[in-house]
């Protein structure tokens, strides 16, 4: 998105002063995990120097705008929808793929906005989601052991010795692809494609074709009636530009710290440091050690940031991270992305909520129902049962209702294509169906229909939450 630069908030300036001793490269003095060992150090230094001279991909004012929106989410006044590819690839980069993702994402946001009666903050896992953490440094196929594939920004997925050597020049290609993707996303968001009526018509097509259309028809009819009423009152995309544009932000896991350092710049209006590779960056569950490189890097940038929270994170450990990353308790700064699994969320989430509430921390609570629900199907494919994904989302909302806190968002790995990677859903994808269109480079993603089905589920839960709190339904234009 494009926004006018805004002056820094007082809390942000205080945090910068407290980050004494921090520099964009201070992370290099700490142990780092999940980063490749490049054999050609000279080529790596040359690439990082070149990247540091390139224009920023996003602007500090945009990141501040997102932080302000997330502050509303933390207060229960908005909802966060974050989603996109598990890992972007160079080979599948095309205008059609970007358009299809954006189209599905808008449909999801419309459904959630109407049901929740509050704005939806739209953040894509896109234009930078190229690096992936791995559970092992190597993988073995037919007796041959090679370095693991760590995303297109690091090495190639082809299982050959040459392809798996980390190549720093791939960072340049990742930057260029991110720039092209952002250019198209900005055009879609501000050029009329995001028209609210367009998104509604696409959603009606989904409802008509869904095997479970009766489940969704009532909500679809109510949205139609609301739009008809608005048109009758003279409120339309022609007279109200806000109905044909939308704010859309980008995010990725900031795993490759050399790349992120090269993209970190001083904001001329505030003097603060921002990582200009994306609006929101997050720390993964495998790299959130308080005394390690990733946390050191993140403590100095002023972007809104996410922390992946898995079963191994204790309440005490979470508060220690917040002390480092959010010393001034700035609302909108921290999004806690919870990834436990349907069978573990009830055991682990309440303790984290209570620890955060006891300390009076202002955070966004978001549910990642994907990573904790990955299994190996009988057919040999890695998959995620749709029923378990839905179950974790329901439990997430139920637990927050019981604790008196706000379920603030969902974080989904998804695509706009008709893939067969997650079993279940309205089409009842089976283990045997997985081989039909299993295209992911890393982890299984929700296909377009499953993503919209998930949006309808979240819409039901948001409506229930709104009624329980006694909030009126006030629909904001997309």
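For all residues, glycine too, the Cβ spot is worked out from N, Cα and C.
What TrEMBL annotates here:
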BINDING   86, 371, 413, 443  Mn(2+) binding site
BINDING   125, 308, 339  phosphoenolpyruvate binding site
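Looking only at the binding-site residues 125, 308, 339, the one with its C-alpha closest to residue 371 (Mn(2+) binding site) is 339. In sequence order, 86, 413 are the binding-site residues from 86, 413, 443 with a C-alpha within 10 Å of the C-alpha of residue 125 (phosphoenolpyruvate binding site). DSSP gives residue 443 (Mn(2+) binding site) a coil state; it is part of no helix or strand.
When secondary structure is read from DSSP and collapsed to three states, residue 339 (phosphoenolpyruvate binding site) falls in the coil class. The phosphoenolpyruvate site is defined by 125, 308, 339, and by the 8 Å test on Cβ atoms against their centroid, the other residues of the chain that qualify are 253, 282, 284, 285, 306, 337, 368, 370, 371, 411. Counting only the Cα atoms, the space from residue 308 (phosphoenolpyruvate binding site) to residue 443 (Mn(2+) binding site) is about 16 angstrom.
A separation of roughly 14 Å, to the nearest angstrom, links the Cα atoms of residue 86 (Mn(2+) binding site) and residue 339 (phosphoenolpyruvate binding site). Mapped onto three states, the DSSP output places residue 86 (Mn(2+) binding site) in coil. Cβ neighbours of residue 339 (phosphoenolpyruvate binding site) (same chain, under 8 Å, six or more residues apart in sequence): 285, 308, 309, 310, 368, 369, 370, 371, 372, 411.
Looking at 125, 308, 371, the binding-site residues in this record, the fewest other C-beta atoms within 10 angstroms of the C-beta turn up around 371. Residue 125 (phosphoenolpyruvate binding site) falls within a strand segment according to DSSP.
Shown are the binding-site residues 413, 443; the one with the most C-beta atoms within 10 angstroms of its own C-beta is 413. Residue 86 (Mn(2+) binding site): 21 other CB atoms within 10 A of its CB, across all protein chains.
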